[in-house]
Every structure is written in structure tokens, then in C-alpha cells.
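Student: This is the feature table in TrEMBL:
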type: DOMAIN; residues: 23-258; note: domain 'Sulfotransferase'
type: ACT_SITE; residues: Lys32; note: active site, for sulfotransferase activity
type: BINDING; residues: Lys32, Gly33, Gly34, Thr35, Arg36, Arg113, Ser121, Lys238, Gly239, Arg240, Thr241, His242; note: 3'-phosphoadenylyl sulfate binding site
type: DISULFID; residues: Cys221-Cys233; note: disulfide bond
Amino acid sequence: GGGAAGTAGTLALLLGEGSKRLPQAIIIGVKKGGTRALLEFLRVHPDVRAVGAEPHFFDRNYERGFAWYRDLMPRTLEGQITMEKTPSYFVTKEAPARISSMSRATKLIVVVRDPVTRAISDYTQTLSKKPDIPTFESLTFKNRTTGLIDTSWSAIQIGIYAKHLENWLLHFPLGQILFVSGERLIRDPAGELGRVQDFLGLKRIITDKHFYFNKTKGFPCLKKAEGSSKPHCLGKTKGRTHPDIDQEVVQRLRDFYRPFNMKFYQMTGQDFGWD
């Protein structure tokens with residue numbers, strides 16, 4: 001960044017100055033929604049410093065305490081934002097109260113995506129790790145004949161966004177939660193990043209100049225990744241090809257999610273266009 005202050009700032013960081021702070025903003029969800037893409041895109045911003053790996057502090061590591069959590073954070077200078085992302089927070093019962101006890105001013109970001117494609121993506125990820133799991137169809141239904149959907153299967157459970165959001169609204173005002181459309185993040189990354197930068201109180205530095213669309217991957221990529229001069233696309237685990245799912249099952253799931261989606265649109269005041 002220009003001028004002596006910018007140079008002094010860079011030098012301070014190189015000298016290991018700056019201090020570790022608890023995050024002022026957290027990407028809390030959702031799994032397979034586009035959280036990795038959002039974080040990679042955001043890291044292009046000079047005032048965003050983020051943890052690379054998912055800390056899972058507010059769900060799995062809470063008993064380790066805030067000192068442990070803070071130590072995971074990168075050093076920041078005055079005016080920089082510390083961030084982390086752990087998509088499972090959104091569906092963790094205890095997470096809202098725990099984050100609120102850290103700071104009631106924490107800004108929360110949820111990347112949401114059509115619950116049906118999200119569930120298939122979730123299944124696809126599991127399948128890549130355990131090729132011998134049952135079919136998507138058989139996991140979807142408690143009883144195929146009656147068409148009763150198994151809402152206890154996490155792939156289905158996660159997509160009932162309205163239900164999870166209710167839990168967060170007991171602890172945080174709606175204005176402190178930003179909902180990012182996973183679909184728009186791919187279609188118009190700069191537009192969605194504009195909303196995120198505004199929400200975080202950052203200068204709109206990330207614009208369409210930073211992106212190019214990779215036809216092969218079907219994903220936007222960065223012309224320059226954070227701290228590098230090379231172009232950067234998301235890793236090979238992103239944009240996996242989904243297996244073909246029986247259309248009747250997909251339709252059944254669309255019908256199942258519709259009322260929950262409508263409730264979610266109502267709660268957030270945004271229509272995500274999933275139906």
C-alpha cells in the first residue's frame with residue numbers, strides 16, 4: 001500500500017509485529033456452500049488476515065479456551081480484520097451463545113446454496129472419501145415407498161437453513177449476519193464480494209479486475225492470489241462432478257425444502273431463487 005505508512009506496516013508485519021486478535025468476523029457456514037471460495041477471494045484484500053485451516057473452536061475445541069483460539073490467529077495491524085471460517089458452526093447448537101460470549105459485535109457470514117445441490121455436493125464429497133457408502137437415494141429416504149425423507153441425515157439436515165437461523169437470531173441481530181449466495185458467488189464474484197466488503201466495513205478493493213472465469217472448472221479464479229503473482233483457481237477437490245441422481249428423488253427433495261426455503265427468504269428478506 002502507498003506511502004511510508006504502508007511500507008512501515010509491511011515492515012512491521014515482516015518483523016513479526018502486530019498482534020494476534022480474536023476474530024471480528026467469522027464465516028460460520030454452510031458446508032459445501034462456497035465458504036472456501038469466499039475466504040480465498042477475501043484474502044486478496046490487504047486489510048483481511050485469515051486463518052487458512054478451519055479452527056473448529058466453537059464446535060469441537062471450545063474447552064481449549066480463548067487463549068488457544070487467539071494463538072491460531074494471524075498477526076494484524078491496526079485497522080486490519082482477523083477472520084476464520086468453520087462451516088459447521090452454523091448447525092452447531094452451542095455456537096451462537098459461545099461466539100456471543102466472545103463478542104456480541106462479531107460479524108457473521110453465511111454462504112448459502114440451493115439445499116438440494118448442496119446435499120448432493122455433500123454426498124459427493126463423502127463418496128470421494130468412502131466409495132462404498134450407500135446410494136444417495138437410499139440415504140435420502142427413511143422409507144422409499146412412502147417417500148418419507150430422512151431429516152436426520154446430515155446432508156439433508158444442514159439445508160434446513162430457517163431452522164438453524166432461528167437459533168442464531170436468539171443471540172445475534174439479523175443485521176450482524178450477512179447471507180452470501182453461493183450461486184451468485186460463482187456467477188458474479190465481484191458483485192457478491194462488494195456486498196461482503198461493505199458489510200465488513202472495508203474499502204471496495206476487490207473488483208471484477210481480480211477475477212477471470214475458468215471454463216473448464218466452471219469456476220471464477222483469481223488473477224493473483226494473496227501473496228503471489230500467479231493466477232489461482234480453487235483446488236482439485238472443488239467443483240467435483242456430481243453423480244446422476246434419480247430425477248424423481250431430486251423433485252421430492254425440492255418439494256421437501258420449498259417451505260423451509262420460503263421461510264428462510266422471509267426471515268432474511270432475500271429471495272435466493274432456489275425454487
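Quick reminder: no glycine exception, Cβ is built from N, Cα and C everywhere.
All TrEMBL annotations are machine predictions without curation.
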Student: Taking the Cβ of Gly239 (3'-phosphoadenylyl sulfate binding site) as the centre, how many other Cβ atoms fall within a 10 Å radius?
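Tutor: So the number of other Cβ atoms within 10 Å of Gly239 (3'-phosphoadenylyl sulfate binding site) is 17.
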Student: How many whole Å apart are the CA atoms of Arg36 (3'-phosphoadenylyl sulfate binding site) and Cys233 (disulfide bond)?
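Tutor: Cα-Cα distance, Arg36 (3'-phosphoadenylyl sulfate binding site) to Cys233 (disulfide bond): 11 Å.
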Student: Over the residue list Lys32, Gly33, Gly34, Thr35, Arg36, Arg113, Ser121, Lys238, Gly239, Arg240, Thr241, His242, recorded for 3'-phosphoadenylyl sulfate, what is the maximum interresidue Cα distance in Å?
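Tutor: Taking every pair of listed residues, the largest Cα separation comes to 18 Å.
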Student: Taking Cα atoms as reference points, rank the recorded positions Cys233, Gly239, Thr241 by distance from Lys32 (active site, for sulfotransferase activity) and give the first.
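Tutor: Result for Lys32 (active site, for sulfotransferase activity): the nearest of the recorded positions is Gly239.
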Student: I'm trying to understand the geometry here, so how far is the Cα atom of Gly34 (3'-phosphoadenylyl sulfate binding site) from the Cα atom of Cys233 (disulfide bond), in Å to the nearest whole number?
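Tutor: Rounded to a whole number, the Cα-Cα distance is 13 Å.
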Student: Can you count the other CB atoms that lie within 10 A of the CB of Cys233 (disulfide bond)?
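Tutor: I count 18 other Cβ atoms within 10 Å of it.
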Student: Including all protein chains shown, what's the count of other C-beta atoms within 10 A of the C-beta of Arg36 (3'-phosphoadenylyl sulfate binding site)?
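Tutor: Other Cβ atoms within 10 Å of Arg36 (3'-phosphoadenylyl sulfate binding site): 18.
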Student: Specify the count of other C-beta atoms within 10 Å of the C-beta of the residue listed as 'active site, for sulfotransferase activity'.
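Tutor: Its Cβ has 22 other Cβ atoms within 10 Å.
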Student: Taking only the Cα atoms, work out how far Cys221 (disulfide bond) lies from Gly239 (3'-phosphoadenylyl sulfate binding site), in Å, as a whole number.
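Tutor: The Cα atom of Cys221 (disulfide bond) is 12 Å away from the Cα atom of Gly239 (3'-phosphoadenylyl sulfate binding site).
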Student: Of Ser121, Thr241, the binding-site residues given in the record, which has the fewest other CB atoms within 10 A of its CB?
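Tutor: Among the binding-site residues Ser121, Thr241, the lowest count of other Cβ atoms within 10 Å belongs to Thr241.
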Student: Could you give the Cα-Cα distance between Cys233 (disulfide bond) and Gly239 (3'-phosphoadenylyl sulfate binding site), in whole Å?
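Tutor: Given the Cα positions, Cys233 (disulfide bond) is 11 Å from Gly239 (3'-phosphoadenylyl sulfate binding site).
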Student: Compute the average pLDDT of the predicted model within the domain 'Sulfotransferase' (23-258).
Tutor: 95
